[in-house]
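> Quick paste of what TrEMBL says about this protein:
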| type | residues | note |
| --- | --- | --- |
| BINDING | Gly53, Pro54, Ala55, Gly56, Val57, Gly58, Lys59, Thr60 | ATP binding site |
| DOMAIN | 45-170 | domain 'AAA+ ATPase' |
Amino acid sequence: MSEAESARAGRQEVWIEKYRPQTLEDIAGHEAIVERLGSYVSRNDLSHMLFAGPAGVGKTTAATAIARELYGEDWEENFLELNASDERGIDVVRDRVKSFARTSFGGYDYRIIFLDEADALTADAQSALRRTMEQFSNNVRFILSCNYSSQIIDPIQSRCAVFRFSPLADEAVEAQIRQIAQEEVIDVTEDGIEALVYVAGGDMRKAINGLQAASMSGDTVNEEAVFEITSTARPEDIREMVDLALDGDFTAARSRLDTLLTEEGIAGGDIIDQLHRTVWEFDLSDAAAVRVLDRVGEADYRITEGASERIQLEALLASLALDGRD
Ligand SMILES: Nc1ncnc2c1ncn2[C@@H]1O[C@H](COP(=O)(O)OP(=O)(O)OP(=O)(O)O)[C@@H](O)[C@H]1O
Ligand SMILES: [Mg+2]
């Protein structure tokens, strides 16, 4: 973003907050989850809960919506949000839980503690958290949020009702984008909407932030603007790169990769994600698609373990070039 653009952004409210659903009913998608949560709320009988799922799909939103429905205007006094990764260890979490649990209640049986990024806690810290949950279970309900429930120790999982949030359906993202564009009176082309949905990959936060950023220039929001502002490679460019590799032209494929990484400033990890999401849309034989996915998995793992993105992507293209199309 240029300085002028960010100045404009500064004056404007952040749309992900402005359009954050306030009630369970307004949450897009997740019908089964919303229904289950609704019945907890209407019985006014919450258990501890674990929300697991990818970023930007409504976990925090669901937790705050529950608090609004239970406590109405008092919701902020009865809802404590903690982030496991920036609370510097379980002791800090425990102290804050303690003081929150001890203060007065304004007539409510229990208050809610929302612990974000619970999967950032070590197993030991989670054991301590488990004891804290038990100690205060009379007057506090925990809602834990994480990306990977496999990182949460079993004794905690078994004490929680587990809710698995999936990436949002493209239709849900599209509908929300159209709605916001209309309310903000933004001119968005059809290919712009399609690009936002593609960029989001089921992450509503990404879609809304992309729309807001792309609208800052004041021009029509089209495909071009969306891909540029979100530093996302066009699906065609990725497909061409893969095609070149599968045709055995490693040099050309590598130079496409270089353009994406260097000139367009796209992150290697994002290229891997895009490959993963779109490989079935490319016109590949099953065998080739399987091979691409296999290599994508390997590169993804190595990059997560700290390997160089560029080397892994080049190695991926090299192996496709060696094996060819069939
Ligand atoms: N299901 C949804 N329906 C409508 N808007 C949504 C939905 N999910 C996310 N959003 C929008 O995206 C923003 C971010 O969502 P939220 O904070 O709930 O994500 P999250 O699942 O908690 O992600 P993270 O794992 O990164 O914390 C919300 O403020 C809202 O604007
Ligand atoms: Mg969240």
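For all residues, glycine too, the Cβ spot is worked out from N, Cα and C.
How about a rundown of where these features are and what they're close to?
Around the Cβ of Val57 (ATP binding site), the number of neighbouring Cβ atoms within 10 Å comes to 24.
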> Could you check which of the binding-site residues Pro54, Gly56, Gly58, Thr60 have their CB within less than 6 A of ligand 1?
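Cβ < 6 Å from ligand 1, in sequence order: Gly56, Gly58, Thr60.
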> What does DSSP say about Gly56 (ATP binding site): helix, strand or coil?
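SS state of Gly56 (ATP binding site) = coil.
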> Within 8 Å of the Cβ centre of Gly53, Pro54, Ala55, Gly56, Val57, Gly58, Lys59, Thr60, which other residues of the chain have their Cβ, at the recorded ATP site?
Phe51, Thr61, Phe165, Asp203, Met204, Arg205
> Going along the chain, which residues six or more apart from Gly56 (ATP binding site) have their CB under 8 A from its CB?
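Spatial neighbours, sequence-distant, of Gly56 (ATP binding site): Ala200, Asp203, Met204, Arg205, Lys206.
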